[in-house]
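Worksheet: one structure, shown below.
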Amino acid sequence: MGRLHVLDHPLIQHKLTYIRSKETGTKEFRQLVQEVAMLMAYEITRDLPLTDTTVETPVGLAHCKVIEGKTLALVPVLRAGLGMVDGILAMIPNAKVGHIGLYRDPETLQPVEYYCKLPPNVEERDVIVIDPMLATGGSAVAAIDAVKERGATAVKLMCLVAAPAGVQRVQSAHPDVDIYVAAVDDGLNDHGYIVPGLGDAGDRLFGTR
Ligand code: URA
């Protein structure tokens, strides 16, 4: 079973409070989401493997570590996932960035992929799928399906806020995928919004409310 990591660092919790507030405008919302994403990147990369290297300092030879293997791939789910990318890139500037676009079929209510462009050699990279609001879990499961179908084997899911139903759905569809969230909320309302959540993340990020 994929593990659920609730990143309850005080800085993350403090910033999340203002992200949630309906008084927070677009500019500040965007800034805070980037800051939380940057802090979450620190935790989500905690288990990256290191390899030995040496560098010459001005004083002598230092035996050091660098991250092993190919650079990470970040895969935001359009469009709200875009809001977390720059914050993660501030920590991991060499990461590659793919994109996945999904829409909900009005008849079946199932997510349908309309766009997917991933970095090369995705099978050799740690892949972080970014979907800020893990509500029913439908889009996150579809996004993880999409990256796995294209060869990804080491996948993590990064969200801002999750509902318990979304966590369960991802865990049962993708038991190998660890989930990283800043908070797990009470549940979903009749419109599929997380309660209390923060509203529509995409609209609040892009000012399209
Ligand atoms: N998507 C959002 O943007 N917000 C929710 O609460 C659920 C899905």
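Here the Cβ of each residue, glycine as well, is placed from N, Cα and C on the backbone.
As given in TrEMBL:
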BINDING   ARG79, ARG104, ASP131, PRO132, MET133, LEU134, ALA135, THR136, GLY137, GLY138, SER139, ASP200  5-phospho-alpha-D-ribose 1-diphosphate binding site
BINDING   ILE194, GLY199, ASP200, ALA201  uracil binding site
DOMAIN    6-208  domain 'Phosphoribosyltransferase'
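Taken residue by residue with DSSP, SER139 (5-phospho-alpha-D-ribose 1-diphosphate binding site) is part of a helix. The shortest Cα-Cα distance between ARG79 (5-phospho-alpha-D-ribose 1-diphosphate binding site) and any of the binding-site residues ILE194, GLY199, ASP200, ALA201 is the one to ALA201. Among the binding-site residues ASP131, ALA135, GLY137, SER139, not one has a Cα within 10 Å of the Cα of ASP200 (uracil binding site). Apart from ILE194, GLY199, ASP200, ALA201, the residues listed for uracil, the same chain places the Cβ atoms of ALA80, MET133, VAL161, TYR193, GLY197, LEU198, GLY202, ASP203, ARG204 within 8 Å of the centroid of those Cβ atoms.
Taking Cα separation as the measure, ALA201 (uracil binding site) is nearest to MET133 of the binding-site residues ASP131, MET133, ALA135, GLY137, SER139.
Only MET133, ASP200, of the binding-site residues ASP131, MET133, SER139, ASP200, place a Cβ under 6 Å from an atom of ligand 1.
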